[in-house]
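Per TrEMBL, the features are as follows:
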type	residues	note
BINDING	B:CYS47, B:CYS50, B:CYS55, B:CYS73	[4Fe-4S] cluster 1 binding site
BINDING	B:CYS136, B:CYS140, B:CYS146, B:CYS179	[4Fe-4S] cluster 2 binding site
BINDING	B:CYS150, B:CYS169, B:CYS172, B:CYS175	[4Fe-4S] cluster 3 binding site
DOMAIN	B:30-90	domain '4Fe-4S'
DOMAIN	B:126-159	domain '4Fe-4S ferredoxin-type'
DOMAIN	B:160-189	domain '4Fe-4S ferredoxin-type'
DOMAIN	B:203-234	domain '4Fe-4S ferredoxin-type'
REGION	B:1-24	region 'Hydrophobic'
Amino acid sequence: MEYFLILISAIFVNNIVLAQYLGQCPYLGCSKEKGVSLGMGGAVIFVMVIATPLTWLIQEYVLLPLDLGYLQTIMFILVIASLVQLVEMFLKKSVPPLYNALGIFLPLITTNCAVLGVAILVQRKEFDLGLSIFYSFASGLGFLLALVLLAAIRERLEVTHLPKSMQGVPAALVMAGIMSLSFMAFKGMIS
Amino acid sequence: MVLTSVLSLLALGFFCAVVLSAASRVFYVEEDPRVEAICDALPGANCGGCGYAGCEAYAIAVITDPDVSAGLCCAGGAEVTVAVSELSGKAAGGDDPEISFRRCVKDEGKVEKKFGYQGVLSCTAAGLLEDGPDACKYSCLGYGDCVKACPFDAMYIENDLVVIDPEKCVACGACINVCPNQVLEMIPRRARVQVFCSTKDKMKAVMDVCEAGCINCMKCVKKCPAKVISHVDGQIRIDQAACLAYGPDCEEICVDVCPRDILRLMCPVGITAKAQEAAAAKKAAEAAQAAEAENPQPTA
Amino acid sequence: MAMWKEFSKGLWAELPPFRLLLGLCPTLAVTTTAENGFGMGMAVVFVITLSSFIVSLIRKIIPKKVRIACYITVAASLVVSVELLMQAYAYPLYQQLGIFVPLIVVNCLILGRAEAFAGKNPVHLAVADGLGMGIGFTLSLTFLGAVRELFGTGYVFGVEILSGSFEPVEFMIAAPGAFVALGLILAGMNYLSIVKAKRRGEPAPENPSTGCHACRACAGHK
């Protein structure tokens with residue numbers, strides 16, 4: 001039951017993009033086409049699910065015993081950056097089809113604050129390892145959902161007559177606002 | 001305290017470095033060195049403007065697929081196109097420079113509108129509605145999808161038709177595939193003859209809507225001594241390379257036999273007759289000036 | 001003179017969140033009040049100025065292949081120091097900004113400037129650029145925060161501005177308000193540039209936030 005609640009909460013109620021404002025840059029940058037947004041979303045889920053348990057282990061077995069809590073940020077980002085590069089190389093060699101699908105998004109993910117954000121969030125929420133992995137997966141799903149929805153809307157927006165100053169990102173932002181508003185409707189669902 | 005933090009950070013950094021450098025050996029994938037060179041030449045924005053999933057995908061495509069043009073990167077503009085074409089060995093003005101050519105003269109043919117179109121101002125959208133607002137469904141629609149696609153500002157719309165500026169066109173090919181009616185074709189600048197119409201209809205169907213259009217009568221196909229004119233996919237196609245290779249011995253008989261005067265002679269530079277006239281007029285004016293300079297007496 | 005040019009471009013022509021669309025996460029997240037926006041901005045000014053300084057100092061030593069990792073490490077160390085400083089001297093603000101303080105490290109603005117400018121230019125220019133960008137970022141955040149706070153609560157910087165019959169629009173300080181407010185401000189800025197260009201008799205500029213610019217924001221660095 002707890003897992004189910006976390007799933008619903010991370011996807012709808014506390015969507016990392018629409019309610020917690022993480023990962024805005026790819027949210028606006030990679031939401032122009034549905035295909036691209038699917039690739040980006042998939043890559044984010046992939047990296048998040050690997051990075052979160054790894055950082056969790058580092059926190060638990062390196063930082064806390066040595067009393068180095070203040071090095072959390074720098075350690076995490078180092079681990080994530082190396083991990084992303086490692087995953088990229090690994091995929092290129094071993095799973096070329098997956099690399100072709102996700103490849104170009106991987107380098108961008110290093111600077112996607114959603115990945116680091118979720119890694120830090122699970123620490124602040126004091127989840128255990130299993131829950132952390134699950135939470136990161138659910139958050140990734142939430143990111144994917146928001147991204148694909150916005151991409152679908154923006155594809156429609158492309159062919160509408162908008163005032164010149166509203167075209168492009170301003171319109172996308174307003175759309176994101178309206179989406180976020182509709183996601184707020186889930187708020188009372190889980191107390 | 002300072003020591004532990006410094007040491008642990010160093011340890012982690014060292015560990016990551018070792019793992020990564022080991023991984024770069026283990027997972028080494030041999031790549032065409034040109035891919036990296038082209039990646040460096042591209043802006044690296046991974047914007048997807050070229051239609052590929054990113055700069056690297058485009059770099060791979062431009063090397064492996066001979067049909068992919070070197071001029072698709074709209075973010076980089078002319079400089080990048082030149083660099084990419086050099087690195088990939090694709091012509092963007094190579095030995096036999098090409099130019100984009102519009103196979104439609106709907107202004108001469110007085111093609112009427114079927115209806116007043118008021119939708120999205122793009123050829124793709126307009127073409128989807130009842131085969132476009134023009135009476136001829138193979139016409140240049142004139143909403144400028146190609147103009148938007150052109151990275152070099154070499155195209156503009158005049159009287160509902162696209163016009164290609166021969167001085168700016170570098171034959172990057174970005175316009176060719178965006179045209180929903182495939183009106184544009186890349187031809188050598190030296191091309192001698194070309195069909196100025198891209199219709200796939202025949203005889204009466206063409207005559208009903210256009211006074212100038214090609215009626216696909218096949219006279220040119222039959223008469224061409226070099227057999228370089230063929231009827232492909234419902235329209236006349238001239239194999240320009242073969243035509244140029246055959247040379248002028250045929251005295252352009254295809255132009256003479258064309259009953260609609262739509263298979264026309266091109267000027268030496270491969271532009272329309274108008275430009276040739278302009279060039280001739282300019283030459284005449286220069287000659288007149290030169291004559292005047294030699295002979296200062298005013299002529300009445 | 002050159003320094004002033006680099007400094008001032010961050011204040012209007014390349015105003016980070018509005019023109020370059022860099023660093024949007026904190027821009028949206030912490031601007032529920034003008035004060036929070038200002039606090040976040042100051043933290044970023046600190047980090048970006050110093051990171052530009054350090055990156056520019058060591059730009060000739062760093063091997064090209066690992067430069068991004070080096071930039072991240074520099075930024076991360078600075079962010080950790082900001083974190084500790086804020087915990088010591090501005091704890092309430094630190095609590096307010098929450099997770100977005102450590103997230104400064106992945107703020108595209110800092111890496112973007114390190115990659116695009118500080119890694120290629122001498123120290124004094126890099127510092128001017130960083131400082132200008134940082135201050136521009138602060139101004140934008142404060143402005144956005146003020147707008148949202150004004151309509152959302154009627155206060156700005158804790159001072160009551162709209163009172164009496166004004167009914168606070170709570171929408172503005174909730175998550176959706178951030179997106180809508182930023183979108184409308186961007187549209188307003190585009191409109192201004194179009195009007196300005198028209199007055200000068202030039203053709204209207206390309207909408208700066210469409211096309212490749214929009215995504216180049218984050219994607220300029222690999």
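Numbering starts at 1 and runs along the chain as displayed.
Using N, Cα and C of the backbone, Cβ positions are placed for all residues, glycine too.
Unlike curated entries, TrEMBL annotations are predicted automatically.
These figures come from a predicted structure and were not determined experimentally.
Features per TrEMBL, on structure.
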residue	record	DSSP class
B:CYS55	[4Fe-4S] cluster 1 binding site	helix
B:CYS136	[4Fe-4S] cluster 2 binding site	coil
B:CYS146	[4Fe-4S] cluster 2 binding site	helix
B:CYS169	[4Fe-4S] cluster 3 binding site	coil
B:CYS175	[4Fe-4S] cluster 3 binding site	coil
Composition by DSSP (helix, strand, coil) of residues within the region 'Hydrophobic' (B:1-24): 23 helix, 0 strand, 1 coil
Tally of DSSP helical, extended and coil residues in the domain '4Fe-4S ferredoxin-type' (B:203-234): 12 helix, 4 strand, 16 coil
Inter-residue Cα distance where the pair is B:CYS172 ([4Fe-4S] cluster 3 binding site) and B:CYS55 ([4Fe-4S] cluster 1 binding site), in Å: 17
Chain-internal residues near B:CYS175 ([4Fe-4S] cluster 3 binding site), provided their CB is under 8 angstroms and they sit 6+ positions away: B:SER100, B:CYS146, B:ALA149, B:CYS150, B:MET155, B:LEU184
Cα-Cα distance linking B:CYS169 ([4Fe-4S] cluster 3 binding site) and B:CYS136 ([4Fe-4S] cluster 2 binding site), given in Å to the nearest integer: 27
Surrounding CB atoms that lie within 10 Å of the CB of B:CYS169 ([4Fe-4S] cluster 3 binding site), all protein chains: 23
Separation of alpha carbons, B:CYS169 ([4Fe-4S] cluster 3 binding site) and B:CYS140 ([4Fe-4S] cluster 2 binding site) (Å): 18
Candidates B:CYS55, B:CYS140, B:CYS146, B:CYS172, B:CYS179: member of the binding-site residues with the richest Cβ shell (10 Å): B:CYS172
Residue pair B:CYS169 ([4Fe-4S] cluster 3 binding site), B:CYS179 ([4Fe-4S] cluster 2 binding site) - Cα distance, angstrom, rounded: 16
Arithmetic mean of per-residue pLDDT over the domain '4Fe-4S' (B:30-90): 73
Other CB atoms within 10 A, centred on B:CYS136 ([4Fe-4S] cluster 2 binding site): 25
